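Noted in TrEMBL for the protein shown:
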type	residues	note
DOMAIN	49-458	domain 'Major facilitator superfamily (MFS) profile'
REGION	1-31	region 'Disordered'
TRANSMEM	46-67	transmembrane segment
TRANSMEM	87-107	transmembrane segment
TRANSMEM	114-133	transmembrane segment
TRANSMEM	175-194	transmembrane segment
TRANSMEM	238-267	transmembrane segment
TRANSMEM	295-316	transmembrane segment
TRANSMEM	328-349	transmembrane segment
TRANSMEM	355-379	transmembrane segment
TRANSMEM	391-414	transmembrane segment
TRANSMEM	434-457	transmembrane segment
């Protein structure tokens, strides 16, 4: 029966329906003539490649979340309000998402090693320059964060497809899980590095300088690996937008990005303001502020990220054996539970910081469960020759409608609420608390998008491998 949405068409032949397996449980079934030759390379080289890419992903997301880790210090240094502070992350994401389709196109046509190396070198150079900006030139700081986003886009669009080229589908989900564990781990370490360096040196600029030193190791490792490129046709890019499962899963990922972007930027500040209301900490009036919340939140992000990605991938591997729609159903359930946990955390913040930390950790745990699973959905409804472009398109949509605006939106709503009420410690806290409610609604909507994906993913998978 034909779908109302035009599905993506692929390259390989499809085995009888009763013999089909999905995602990680499917082994050696897409060995068509157009699969990259790198899949036949020795296993040792494949694992080494994944190791290099994982390290790069780790540093990538450390750099991504340095600013939220020392947001109090940056606000004090540049004299920024909540809305302006949220715009820092928005500038980064906007440049990241605009550059992603360009690098996705290049990744499907040209040498990926060159793209990776150039991007890493560019973001390292700009990050180093960021650490020397004085308080009189805050606009240059905003610009530098945008330029770092461009460098990051060159890496994020091609790295997952390189992993897909190195392994057949029997091991692909496992390798993607390892790769995507580095997202929450790197994010958490970004908070830890930023707050630790600010505390140890008394100067938040050193957080950026240490990130550059760590990133230099990537260039040497990446130089030893040359990856093949693929040809591309614009007509096939156009057909991507008509796959129902691709569209709905991308919108689900957009909701994830919206929530994680807002949480990543504002949770340490929210916890700090909650503690001020409770009287457990004093308001920050000095140059260097208390960074304990960033340290704790960073540790939570690392721990829940590892556990969440592993648990999500393992749940998908097991449930696919009994339900071919398991992937989007797992994502939908995780989004619903995460939204509930976030709501409880917001309501508990003024009474118990410990309870707030617990429910934030649970919310992050269920969000993290989706990272590898969502990417696996894309990889088995899109043919190998179009995967970089598909990922680039997904990055563009998810960040344009997701975390490009959510930090700024939450900060702006907070400003409006504070402006309409008395300037007090209580309303400083409540302004962020009320602003965060929007993330709960977006989380529920994201779960609905993944439920819609489950209606189409099975047929789209069959169509993607029919030809």
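Using the three backbone atoms N, Cα and C, a Cβ is placed for every residue, glycine included.
Whatever TrEMBL says is automated annotation, not expert-curated.
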### Message
Let me spell it out: take the transmembrane segment (46-67), skip the flanking residues so only those 6+ beyond its ends count, and list any with a Cβ under 8 Å from a Cβ in it.
### Response
38, 74, 88-89, 92, 116, 120, 123, 127, 145, 148, 152, 155-156, 159, 162-163, 166-167, 175, 178-179, 181-191, 193-194, 207-208, 211, 214-215, 217-218, 221-222, 225, 264-265
### Summary
Note: vs the transmembrane segment (355-379), the recorded stretch with the largest number of Cβ pairs under 8 Å from 114-133, 328-349, 391-414 is 328-349
#### Entry: Highest-contact recorded stretch vs the transmembrane segment (434-457), from 114-133, 238-267, 295-316, 328-349, CB pairs under 8 Å
238-267
### Query
Between 87-107, 175-194, 238-267, 295-316, who has the most Cβ pairs under 8 Å to the transmembrane segment (328-349)?
238-267
### Query
Going along the chain, which residues at least six beyond the ends of the transmembrane segment (114-133) come within the CB cut-off of under 8 Å?
56, 60, 63, 103, 106-107, 140-141, 144-145, 147-148, 150-155, 158-159, 205-209, 211-212, 215-216, 218-219, 222-223
### Query
Can you find at least 3 Cβ pairs under 8 Å between the transmembrane segment (87-107) and the transmembrane segment (391-414), where each pair is 6 or more residues apart in sequence?
yes
### Message
Which residues of the chain, 6 or more past the ends of the transmembrane segment (175-194), have a CB below 8 A from one of its CBs?
### Response
50, 53-55, 57-70, 159-160, 163, 166-167, 204, 207, 210-211, 264, 268, 291, 294-295, 297-306, 308-310, 312-313, 364, 368, 371-372, 375-376, 379
